[in-house]
Amino acid sequence: MSVLLRSVTELCPVYSPFFGSMGITASIVFTVFGGAYGTAKSSVGISSVGVMKPEFIMRSLFPVVFAGVIGLYGLIVCIVLFINVNKSEYSLNRAFLDLGAGLTCGLCGLASGMSIGISGDCGVRGAAQQPKLFVSMLICLIFSEALALYGFIVALIMAATGDNSCVATASTSSSS
């Protein structure tokens, strides 16, 4: 009986929910930082374009919309990871996978938000002066958004895989 309790303690320590919670936090915090940066940086360009050409403001909102979607990716991953966290049946393996998933989604979202902000600001200003640049700006924004989408997909895969067993199996106990 003591071997079974020791195995359960080794596979599911009391501190494993901490790592899962850090993954949840990283997912939402970094994606929101990325979305906020993208929105703020693009808004500066939209404001300056609005002074020169007020009729171009509605077409200039694409970077803000793209940046807002990044926060949704983080929120969805946050909810999926939160469902995984359960103190009584939450293994250290699962906790590290959840931490990795949160960091993957969060940091990809942060990089994407920075890319959207910079390319959105320059793209909006350039498209206001030369309307032919509007399509180029949209393509740059789509590829910048894809960075966050890659992290989102990998985070969902990480959240769906892995072992959450707190009981040692024959393969686990024989390798020790």
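Numbering starts at 1 and runs along the chain as it is shown here.
Backbone N, Cα and C define each Cβ position, glycine as well.
Taken straight from Swiss-Prot:
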| type | residues | note |
| --- | --- | --- |
| SITE | Glu145 | site 'Essential for proton translocation' |
| TOPO_DOM | 1-17 | topological domain 'Lumenal' |
| TOPO_DOM | 39-62 | topological domain 'Cytoplasmic' |
| TOPO_DOM | 84-98 | topological domain 'Lumenal' |
| TOPO_DOM | 120-136 | topological domain 'Cytoplasmic' |
| TOPO_DOM | 158-176 | topological domain 'Lumenal' |
| TRANSMEM | 18-38 | transmembrane segment |
| TRANSMEM | 63-83 | transmembrane segment |
| TRANSMEM | 99-119 | transmembrane segment |
| TRANSMEM | 137-157 | transmembrane segment |
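All protein chains shown were included, and the count of other CB atoms within 10 Å of the CB of Glu145 (site 'Essential for proton translocation') stands at 22. Sequence-remote contacts of a segment are chain residues at least 6 beyond its ends whose Cβ falls under 8 Å from one of its Cβ atoms, and for the topological domain 'Cytoplasmic' (39-62) they are 68, 114, 116-118, 120-125, 127-128, 134, 137-138, 141. Per-residue pLDDT, averaged across the topological domain 'Cytoplasmic' (39-62), gives 91. Long-range neighbours of the topological domain 'Lumenal' (84-98) within the same chain, counting only residues 6 or more positions beyond its ends whose Cβ lies under 8 Å from a Cβ of the stretch, are 11-13, 16-21, 23-24, 158-159, 161-166. Among residues of the same chain six or more beyond the topological domain 'Cytoplasmic' (120-136), those with a C-beta under 8 A of the stretch's C-beta atoms are 38, 41-42, 44-46, 48-49, 52-53, 56, 59-60, 62-64, 66-67.
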